[in-house]
Amino acid sequence: SHWLLAWLSLELNTLSILPIMMKQPHPRMVEATTKYFIIQSTAAACILFASTLNAWQTGLWSIMHTNSMLPTTLITIAIMLKLGLAPAHLWYPEILQGTPLTTAMLISTWQKLAPLALLYMLHNTINTALLLTIAALSTIIGGWTGLNQTQTRKIMAFSSISHMGWLLIALNMDQKLTTLTMLTYLAATTAMFTTLSYTTTKTIHDTGTTWMLSPALTLMMMITLMSLGGLPPLTGFMPKLLIIKDLASINLLPIGALALTASLPSLFFYTRIAYMTMLTTPPTTTNMNLKWRFNTTTPPISTTPLIITCMMLPMTAALYNTT
């Protein structure tokens, strides 16, 4: 509840992942680590300046007493930077592209929890119109800019930007629904990155050869992609359905229609990956087992995130009522 401790925790969170990002001394990873450090440090400096300004105006360092317009706006900009929300999203795909798949998974999941915790505490003081504008921009940009990508890490980066937009829309209405949306996103993203890492799938072209390692795992990866897109039989449809229902109940259905329309491009490039994997044969594919490309030393992945991503839709009502 204290701004200085929150700032210190964010700094420790940033410094802790930097050695993980540059574990392998590759120039691309060093570049991504440097970019990540600069962006996160800039956002933390904004938070420190805004909290100092708020303490000067109110005499309190409590996060719950941040009511002035200027500190609140600065903190919102800083959280946008940390989460990679549009229009402050340009660093996010480039950094994910410069790191290994497991590190990219950490940046897309674990590293978002601390800024989201701050957003949870401040959502009552942040301007609702500002949050909805950022959410709409994130869903639109996350969908449209992912259309021309062929690298799986960049596709997952733009997918994350779009999902963060949906999460911001939920935050304006209900914290329980926001928690459910966040858990669904974390489960689906973890399952997808883990599968991509195990099959060493870095481009869409690589997906055509994953059948030779594990057809069942590849099928689960495609189902996870469809769940990320929000197709009705799968778990990813659950938070979108509940968000649209709540938007309709408070007469904000145009925002929901805009978010649904913006999610169609995301569903298109998910479907394109599934099509390239299951219904086409890349020119380099042969009948031999391509064991040289697969990370066979990796232990079998846990199926829990995959099951959650695919089969939790029937429990929608129970999860929504208990979250």
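Note: Cβ is positioned from N, Cα and C throughout, glycine not excepted.
Taken from TrEMBL, the feature signal peptide applies to 1-16. Per TrEMBL, the feature domain 'NADH:quinone oxidoreductase/Mrp antiporter transmembrane' maps to 2-258. Per TrEMBL, the feature transmembrane segment maps to 34-56, 68-92, 129-148, 155-173, 179-199, 211-231, 251-270. The domain 'NADH dehydrogenase subunit 2 C-terminal' feature in TrEMBL is assigned to 267-319.
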Give residue numbers and ranges for long-range contacts of the transmembrane segment (251-270): same chain, 6 or more residues beyond its ends, CB-CB under 8 A.
132, 135-136, 139-140, 142-144, 146-147, 149, 155, 158-159, 162, 165-166, 169, 225-226, 228-231, 240, 243-244
Six or more residues out from either end of the transmembrane segment (129-148), which same-chain residues have a Cβ under 8 Å from its Cβ atoms?
73, 76, 80, 85-87, 89, 123, 154-155, 158-169, 171-172, 255, 258-259, 262-266, 268-269
Counting only residues 6+ away from its ends, which parts of the chain sit with a Cβ under 8 Å from the signal peptide (1-16)?
36-37, 40-41, 43-44, 47-48, 51, 54-55, 61-64, 66, 82, 111, 114-115, 118
